[in-house]
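Single-structure report; data block below.
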């Protein structure tokens, strides 16, 4: 088995037509694109499950969405905008439009698989051409030049190897693996669309229907939002009052400490005694000084 793998790798490295290089490069590109799309779809599934639970509890109107990162979020934001103007949304058309980019990526992976099959067929034609040229050269040198005869046979064998390996790689890597990956991503996208439609039809039917019930639920949602804002405002004001009390206590404590420090300062005591002595000795001096 290891010998066969080594032969395949050696053939790819020594392929003079470079068809196998192109096939392997396209396969690597398809794998990378499919992996990135699979990771994004996994994130879409997790996000949709969370939003479904919120819609089940509070409805579509009260759903708060600010991010446009996920496709399901963009779909629900579009629904909220349509219902806000009393429109009649077409769910199937809207979900097809939102997930069109995901379908295009999956179709691109499938297109790479088809191109790999085509390249495999082109490699087969090139290999058969090399084989025919090698055989023609070998037959022309039969009985004339033994070295050219062997070179022609080697060319024919290389051509047969090119025809075989390019066809095999194009069919297996492109016709099977990449198409399977594209089918998996298509199934995941279709499952997302079905779950999203089911969530809207089952749990958000009252929000999508233009009647007084939807307007009432919208008013209730706005009232709930106002109550939450008033609650947050009261908490902020209460915290501000507590901080003001704390600041006043700190200011009073600082004033008391400054008075205590001033009373216990010996320089202040000496200055006070000196002022009293000067006032007692020359009482009229200070009166004339302040009068001037």
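Keep in mind that glycine also has a Cβ here, set from the backbone N, Cα and C atoms.
Here TrEMBL gives transmembrane segment for one range in the set 163-184, 185-206, 207-228: that range is 163-184.
Annotated range for transmembrane segment in TrEMBL, selecting from 67-88, 89-110, 111-132, 133-154: 111-132. Each residue in the domain 'MotA/TolQ/ExbB proton channel' (91-189) has a pLDDT score, and their mean in this model is 84. In the domain 'MotA/TolQ/ExbB proton channel' (91-189), helix, strand and coil residues by DSSP number 93 helix, 0 strand, 6 coil.
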